Structure formats: C-alpha cells, structure tokens
Amino acid sequence: MIEIKDLHKSYKMGSNSLHVLKGINFKVEEGELVAIMGSSGSGKSTLLNILGMLDGADSGEYTLDGVPIKNLSETKAAQYRNKFLGFIFQSFNLINYKSALENVALPLYYQKVPRKERQEKAMQYLEKVGLKPWAHHLPSELSGGQKQRVAIARAMAAEPKVLLADEPTGALDSKTSYEVMDLIQQINDEGNTILVVTHEEDIAHMCKRIVHLKDGVIVEDKKIEQVKAAQYV
Amino acid sequence: MWLFDRDLWIEIFHTLGKNMFRTFLTMLGVIFAMVILVLLLGSANGMSNGFNKIFAGTASNSLFVWGQSTSEPYKGFERGRRIRYKIEDADILKKQIPEIEVLAPRIELGSHRSVVSVYRNGQTSGSAVYGDYPEIDEITKKKLVEGRFLNQTDIEHSKKVCVIGEETYKLLFDKGEKAIGQDIRINGVYFSVVGIYKPNNNINIDGENAVFIPFTTFQKAFNSGDRMGWMAIAVDPKTPVPLVEKQIKDILKHKYDIHPDDDRAIGSFDMSEIFNNITSFTMVLQGFSFFVGIFTLLAGVIAISNILLITVKERTKEIGVRRALGATPKIVKRQIVVEAIVLTAFAGLVGFAISVGILAIMNSMWGSGDDFPFANPMISIPQFVISFVLMVGLSVLIGLLPANRAVKVRPIEALREE
C-alpha cells in the first residue's frame, strides 16, 4: 500500500540546515496498523506530513497504492489527499462553526458528492463512531473524546486508502484514549490501513507493528502482539 | 455552475454571519462610499436638471440683436451715430441667412428699458411696452396664467389687444378681478387684455411688468413707421450661434455704413454661450462627483480587503484543515473572492438604498427649484450600473489579495499554528 525508498528531508533554519529524515525505507501492506514511535525531534511528524502529502520530500521515492507521489502541484496534492488519505489530528481540527455532521461531510463536499447523499453518508459514519445523537451539535458542545471520534468519522467519510493519525490520543486522558484506540482497532479489523504516530508505549502496543524512529533513521521495525484496547474500556 | 452551488453560499453566509459586528463594520466603509457617490452624483444631476428647468422655454440656440451707437467714423459719418434698424432688415436677414429659423422683430415704446405709464380706471403702472410678433413665443416662452398670447390674426388686423405680465396685472387690477376683455390705456390708446403671463422660474428677458401688443398695432398706434428696435433670433440647432451672429452683423454693418471693425455699433447677446457655459459647468461637476465617488468607493473596497486579510489570518488553521481534507487552492480562493463580492455588493446596495432615500428627502425639500437651480436629484440608471459594475469589479480584484494570501500558506504550516 505504502512504499518508501531512501527518503530524505531537511529544513532550513536560518543559515544552518537541519537534516530531519536521513534515508527512510519502509513498506506498509494493506490492512496493517502501524505505530510510528520516537521522541520529539526524531522526525516522526515530518515523516507523517510527507506521507500525508502536506509536505514534500527532498529526495527519495514514495508510492501510494501504486501511484508515485512526486512533484505534485497544490491542486493535485489536494485531490490525492482527498482520494487516498484520511487525517486524524492531535487537536482534532474540527471546524468550530460547523456541526458534527457538516464536519464529517466536508471531505465529501470536496469530492463533489451531492448534498443529500453526503449527509446520509456522513450520518452513517457518525453512527459508526456512536455519535449519531450528536450530529447537529457544534464541536464546542462535545467532549474531547467525542471530538476525536467526529474527526475519525470525518477521516473515514471519504473512504480513503490510508488513515493517518498524528498523536490521536495526545490531547485525551487515558480512559478516553483507550476508547479512541478501540475505535481505531475496530476500523483496522474491517481491513483499513492505519498509521499512528505516537510517543506513548501503551498506545503503540495497541497496534500490530511498531516502527521506531531516532534521529531521522528507523532503528527498529517489529511486528508485535496486539493489545486490545477494549479490555480497558 | 459553481455560482448556484448551495454549499458555497452556506459556507459564505456562515463565515460572514459568524462575526456579524465585524462584517457590519467592514461594510460600513462601502456603504458610506456608495452614499457619498450617489449623493454627489444625484446633487450634480439635480443641479443640471435645475438649470435645464430655468432654460426650459428659452431656445438655447438663440441670440438677440439691437442697435447701439457707432464708435468709429466711417464713410463721412461721425462717430456716435445711433443705429436704428428698419423692419425690412428682418426679411433681408432671413433671406440671406438660411440658418435663421425664427426671427422675431420687436419695437419698444420709449427708449430701451424705459417704462411708460399705463392706465386703467384711475390705476397706473409704469410698464415696458413692446410691439411683438407671435414668433417671439418660440424663443422666450411665456407661461400664460389666463387667456392667450398674441397671434397671427392680431398682426394681420392690427388688433388693439395686449398681453400683460402678472406684475402689471397686480398694479392695474384689484386682486381676483377679471382682466381678460378689460381695456387698458397706453399713450391715449386703448388695448383689450387677452392674456396674462407669469414668470416660470426661467430666464426672463422681458421682466414681469410688461405689456405686449401686436407689432403692426404698435406701428399704427404709436406712429413708429418702419422702425424696429431689436430682433430675437433662433438659429438652426446644428449651426453654432457665433457664426450666424457674425453673418448678421456683417450684413447690418454693410447696410448701415458701419466701419467693419466697429464692435460697438451693434449690440448682441448670444444665449447659447451662457447655455454652453452652464452645460459644461454641470458636466464638470458630474465628472468631479464621479471621480471623488469612485475613489471613496475604492477606499471602501480596500477596507474590505483589509478585513478579509485579517480574517484569512485568523482562519489559517481552518484553511489548512480544509486543504488537508481535499480543498484545492482554487476552491479556497474562490470562497474568499466571493466573500469579497458579496460583502461589497450587499453594502453597495444598502448604501444605494440609503442615498436614494436621502435624495428623495432633498427633492421634497428643495426639488421645486424655486430658490436655486435644483430639481429631481437622482442618479441615472447608466450611472448606477457603471458604479455598481465598477465596485464589484474592484472587489474581485481586491478580494484576490487575501485569497492569494490564503493559499500561499502551505497546509502543513497552517496546521502547525496553534
């Protein structure tokens, strides 16, 4: 599903340049649930941004579902993001003046799905994350866990190839974190490919594979025994 | 067609409605600008209409010619000789200058601008007395309150009839007294009143205290022979008046042995000159109003651009999220430009409505044009369309500024901002 070869990325900070990713090679198969771990500054967020086409790599190859991702125009990148990827952010990033339903329907709007169909589909996904009764509430009326579940529904609404989660539990208490992870596991069990960036050990162990990043290189890549989040809920 | 995309409009009204107060303040600039533009233009138009009203009834393409005294000796004549026209001059001029459309000869009792005593039943008025042809009415229209003006039959039969001014009526008759059919006496000759005129706010060369009698009657009653005092002449509208004026003077100078360089012997007054001056004055006024108004409008639209820039800055993160979810730069830009257009157009319409209301009030207060030249202050439809199109056009251009700012930020930077 995802294939990365010798990926490099550096940032210019005034006169010196900061080499963040120093040759990353890895592959993700369909249906995997991968945790990308590392301390801050290890380059894990940068990697996720490149995977999410929010940022471009300096060199190296990136193939997503057989499509080479290179030198994309902003317009093309936006279309690919919409088609291939679903984003889940640490700070939820819901649009605060739109109801939960409208937030979930937004990626479908950019896919030019007709309004009615869009609403129905969005409602389905809200139901899936257990928030159907909250469909017409604004984000400010929802708890943190609920907001993240809306965000997950939004990420899934466009039926992307890969879900990218950047510290999805970073802003949540542990009980809510486990609830969110339970949801992510359920979605993965349905066959969706998910990448989770985290620095929390327990969250990482709820995935099926852990990739350890340190100083811009992969130091460890291992399959693990998945801990089911449901038992903590 | 994206213009009919319901979601686009929902998005736009959402964002604008989210911050009503700021939206309102933003629009205020454009509202004021539109009010100023429309008021300036409307007032300029009102002034132009006011002048037109004054000139209504006066043929703008006309001139008046009378005789004065020579200032140069010529052909054995000394200077200071009085020029007196003869009635035949009228026919000579008409024949020789085809551009003359109307020529109304006139003769005045006594010397120029003098008054004569007019009597009736022991009441007296000092009025100007003119012998006229009915054609004069085509050059300076009289507004009749009662009766009729002189006509061709009066001329043919030298009828002893007269048309009097309202001022003369007041002096000779009691209030409400019927004047038509009554006789008045001038220099021992009785004339029957057939009409009363009043000034109609326009240029009134003859004054309101005057008595008009048929030219032919004048000749017989006051023994004026073939003398003619002055001529009112209307010229074909396509011909410049000064051109005809020169031709007339040349013919008259030749006929009366006036030195060709003597400019004082023949007096004349070119009505078109005043008319043109006023027309160009009002045109300059309108042009100036438009100029000032458009720049005020520009300032208003720039204010909108400014606020949108701030809005874009505030919404950086939201825009980042949208772009992560698949909004292309075009969609993001379009939304901001349409916001600018909606704000400007709406504010413009509000301003227009307000100023039209103000103009209506101004019209009801001063629109009659009695005190000064001002009538029907309103902007014309083409003026409105031009300003509106210009305003919306500007808003598109100026909306592009914040729109480009919005897509310049990369989604990653937008999302990073906390």
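Here, residue 1 is simply the first one shown, and the rest follow in order.
Glycine residues also receive a Cβ, built from the backbone N, Cα and C atoms like all the rest.
Taken from TrEMBL, the feature domain 'MacB-like periplasmic core' applies to B:23-250.
According to DSSP, the secondary structure content of the domain 'ABC3 transporter permease C-terminal' (B:291-409) in residues is 99 helix, 0 strand, 20 coil. Annotated domain 'ABC3 transporter permease C-terminal' per TrEMBL: B:291-409, in sequence order.
Beyond the ends of the transmembrane segment (B:21-42), by six or more residues, the same chain brings 286, 289-290, 292-294, 296-297, 299-301, 303-304, 307, 311, 343-344, 346-348, 350-352, 354-356, 358-359, 362, 377-379, 383-384, 387, 391 to within a C-beta distance below 8 angstroms of the stretch. Per TrEMBL, the feature transmembrane segment maps to B:21-42 (among others).
The feature transmembrane segment is assigned by TrEMBL to B:288-312 (among others).
The transmembrane segment annotation in TrEMBL covers B:340-361 (among others).
Residues annotated as transmembrane segment in TrEMBL: B:381-401 (among others).
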In terms of Cβ proximity under 8 Å, which residues at least six beyond the ends of the transmembrane segment (B:381-401) contact it?
30, 34, 37-38, 41, 45, 290, 293-294, 297-298, 301-302, 304-305, 308-309, 333, 336-341, 343-345, 348, 352
So if I exclude everything within five residues of the ends of the transmembrane segment (B:340-361), which remaining residues of that chain have a CB under 8 angstroms from its CBs? That is, six or more out.
12, 16, 23, 26-35, 37-39, 42-43, 46, 300-301, 304-305, 308, 377-379, 384, 388, 391-392, 394-396, 398-399, 402-403
